[in-house]
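Please read the structure below before turning to the comments.
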């Protein structure tokens, strides 16, 4: 797979080359990553152990937290370690694995958000048929399709990169192996490849964002026929989802819907959706959801009682 390549490894420039700033980056992103793991693992454990959170919405939330944990893990640990090194390098194979993992779990997160929007539409607009339409079997099939679709998306990206020769520069001006900065190092014209990549990642981001916003607008419009209490509860849930959608898709559309050009602000934007959003999402879902908060209190109470008995 590397027969046409002279390049066996890449140098990652990271966010900065200044030793003092590297230490600041190390501490900041270590805290971000630990916070992401703690928040998402708490949601995963709470949903898994709580009988009160057995509805399809929390089934999808479980998989969203799982995808965010894996998504952040595909980037953060290596980035944190690289800040301690004078020269951060990554092999060609590891670079492709990181790019595959990043796009796989990022795409999975997008698909899960779409499923959560579908779930809210059925719950609010067709409440009498909700449990029939969104049965456990249907939800399981939908999530499985999301995993398969994400895998197809990522494999398509990687196969396009594998078709390119890398024989000259090997310095990636980024803190992880993303496809856009990688294309600039290829020893051939990458116009068509970049067009295919943009039509893949860019289309997924843009079309998914438009679909989600229209679906929530339709849901919010339908709430006029509900009671005041029903509207309040539905609005709380939907606004939480809308906040997550805007925070995730805004930076992604900025990065993946344009030609293979890089701007100085790209790395800062990438930080927001690779480390910031996975940290914020658990806070958004727990602070705006009374059921999750109550389930978490019960989970911690059981954990503390178990510790006391030991």
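For all residues, glycine too, the Cβ spot is worked out from N, Cα and C.
What you see is a predicted model, and the numbers here were worked out from it, not measured in a lab.
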Stretch carrying transmembrane segment according to TrEMBL (options 169-190, 235-256): 235-256
Stated TrEMBL location of transmembrane segment, expressed as one of 24-45, 288-309: 24-45
